[in-house]
Every structure is written in C-alpha cells, then in structure tokens.
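Student: The transmembrane segment annotation in TrEMBL covers 6-24, 31-49, 81-106, 118-138. According to TrEMBL, the feature domain 'Threonine/Serine exporter ThrE' maps to 10-136.
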Amino acid sequence: MSSMPLYLHFIFSFLSTIGFAIFLSAPKRSLYVSGLIGAIGWVLYVYLFKATNNPILSNFVPATIIGIASEVCARKLKQPAIVFVIPGIIPLVPGLGMYNTMLYLVQENYELAASTGATALLVGGAISLGVLLVTSFVKTINTVKLNKATFGFNHVITKKDSNYENNIMTEDSDLDIDLAIDKDKNVQEDEKKDLE
C-alpha cells in the first residue's frame, strides 16, 4: 500500500468509479453518488488494510458498507441498487492479485501463484459475501413488509391465496360468471316462451 494521503485515495477512487459507471451506462443522475460510494469504500479499505493487514476483512467490511449505501441510495434516487453496487465495488476488485497469479504461472513459480491466486479468490469471495448479505437482508425485509401489507401479520400464503393454479380467476369470479350465464339462459328461454 502506498503512502499516498487518504484524500488523494478518495479523489482518484471517486474519479475511477465515475469512469466505470459511465462505461457501464449508468444513468447520469447516479454518477456522482456511485463515485461517492466507491470512494468511501476504497478509503475504508485502505484504512482497514493499514490497520489490520488482513486483505479479506479489509474487503468484506467496505463491500458491506457499499451494499448498504447502494440500497439506501437506490431508494432515494429511485434506481436499481445494482447501478450503485457494481461501480462501487470496482476499486475493491483484486485485479493485481489475479495479474500476479498469471505472471507467477507463466514464470513457473507455482507456489507463489497458488498463494496469490488463493488470496485473490478469497478477497473476491469476501466482496461478494459482503454485498450478498446486505442484498439478501433487504430483500427479506421487503418480502416481510409486502406480506404484512397484503395478508396481515401471521397469515400463511396458500395456493388458494396466491391463485397459483389458474392465475386468471378466483372462485368468487367463477361463481359470478356462472350466475351471469344462468341469467342469460333464463332470459333467452323467457323470450322463446313469449314468442310461442
């Protein structure tokens, strides 16, 4: 890790995150927020890595913070969270670790290649896990809120409630249609009797 001051880390990661957001065709109104999320994640990574020297923890915590910030900004700006997550985690992706793994493989230094590759994979897994935990938690909360709003607090959704088997009509509407058909038949029979 370089001895560059944290504010320079912030500025350059902000700019690189905005660059990736543009490359990924993010909406214009989300660019600065994406840059801010990526910059905060990167500065947190640099700080944690200097403090702990643990690359896995140093990537897991910022990825979790990026996930939380992305979910919050997605609600505020009415955008999908992925618009903020993907550019935000780009600075954390272990590109140098994967490059060094390939370099060591080409140089036939298999011990260093295995070590560097394993670390890069663990870092990638930590980033994925951090974002996944937040996303799963938010989806679970949203599902619970939806169920409360739709069916009440302790109501279990059954096939009848979700209308799983035929998504067109419910039993009540079937009954209404049957009654309407019977009424039409009765009217037609009455008209025939009147004609005779």
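Just so it is clear, glycine is given a Cβ too, placed from its N, Cα and C backbone atoms.
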Student: Take the transmembrane segment (31-49) and find every residue of the same chain, 6 or more past its ends, with a Cβ under 8 Å from one of its Cβ atoms.
Tutor: 1, 6, 9-11, 13-18, 20-22, 55, 57-59, 61-63, 65-66, 69-70, 73, 77, 83-84, 87-92
Student: Between 0 and 100, where does the mean pLDDT of the domain 'Threonine/Serine exporter ThrE' (10-136) sit?
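Tutor: Residues in the domain 'Threonine/Serine exporter ThrE' (10-136) carry a mean pLDDT of 94 in this prediction.
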Student: DSSP helix, strand and coil counts for the domain 'Threonine/Serine exporter ThrE' (10-136)?
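Tutor: Reading the DSSP string over the domain 'Threonine/Serine exporter ThrE' (10-136) gives 112 helix, 0 strand, 15 coil.
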